[in-house]
Amino acid sequence: MKPVIVVHGGAGRIFKEREEGSRAGVVRAALRGYGILKQGGSALDAVEEAVRSMEDDPHFNAGCGSVLNEKGEVEMDAIIMDGKNLDSGAVSAVKNIANPIKLARLVMEKTKHMLLTDHGAHLFAQAMGIPETPGEKLITERSRERWKKNLEPDSNPQEFQKDLGTVGAVAIDREGNVACATSTGGLSNKLIGRVGDTACIGSGGYADNRSGAASTTGHGESIMKVVLARLILYHMEQGMSPEMAADTALEYMKTRVGGLGGVIVVNNSGEWAARFSTKQMSWATVKDDQLHYGIYAGERDTKPVDEALISESEGF
């Protein structure tokens, strides 16, 4: 099987001045994940590495760069899933760690559970020796500004939810195993303890070798109502292509609950899709040593991986 990775940096509205950073961030993540696959590494390692790269990038609403809750704190959610045996690990409402995706993977591999939350996740992170990152270190100037704006009496937080960069990755490796990973800081000025779709298996992501893998982004509560990631896999099980399955599921979410979002999908034969019903979604994929990436509907830039790696080392 030829390895494939697809990543997204969130669906919504990407402001002009942030386009270049978002594009460079998803390209970097896809190249890092593909590097692992190319050396015979697992889909699981590839999606974790791709998401970790975007958690460390302040352009995205995950890890460093996460939006703030009503109290001005960062609370993050993440999930990872292995399509081989349907093992999954997730964390929700976690604070003070740089890479929630790493913690989600440890939940999957070192516990009998699938989801740890808040204080329990914090204790588990300590037990696993994950260093604590002071909350301040995860907060960017932009997140703080947005939080303050949303506190103003005449503000409309919904308006500001439109450019949320949840991050995700899906991959298939040489062995034909698929995996997904998704990570987010959630909604700006959300209630303390609010958990969205990301940490919920079947909503924020799903992976099953029998059909494929999906990672989602968009309005979390809408995604949860239709269990979007699993819905896409269901459509593929019925014989739809990844693109058709993604479009059908997104259309259903829009008509049934008025929700907008985006998805990345890979099926078990290596076909992929990156689709969205929002204005934009930053995405990138590598297949057959070709990198493809875009932000706008219909946009698809392509360059050979070798060339992309040179630009990457020179700073894109």
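Glycine too: its Cβ is placed from the backbone N, Cα and C atoms.
Predicted, not measured: the structure shown is a model, and the values here were computed from it.
Annotation comment: TrEMBL describes Thr166 as active site, nucleophile. The substrate binding site feature in TrEMBL is assigned to Arg194, Val195, Gly196, Asp197, Thr217, Gly218, His219, Gly220.
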Given the residue listed as 'active site, nucleophile' and Asp197 (substrate binding site), what distance in Å do their CA atoms have, once rounded to a whole number? 11
Other C-beta atoms that fall within 10 angstroms of the C-beta of His219 (substrate binding site): 24
Where among the binding-site residues Gly196, Gly218 do you find the Cβ with the fewest other Cβ atoms within 10 Å? Gly196
Give me the long-range Cβ neighbours of Arg194 (substrate binding site): same chain, 6+ apart, Cβ under 8 Å, in sequence order. Asn69, Glu75, Ala93, Gly186, Leu187
At a 10 A cut-off on CB-CB distances, which of the recorded positions Thr166, Gly220 has the highest count? Thr166
CB neighbours within 10 A of Asp197 (substrate binding site), counting all protein chains shown, number 31
Taking only same-chain residues 6+ apart in sequence, whose CB is under 8 Å from that of Val195 (substrate binding site), what do you get? Asp77, Ser92, Ala93, Thr117, Gly186
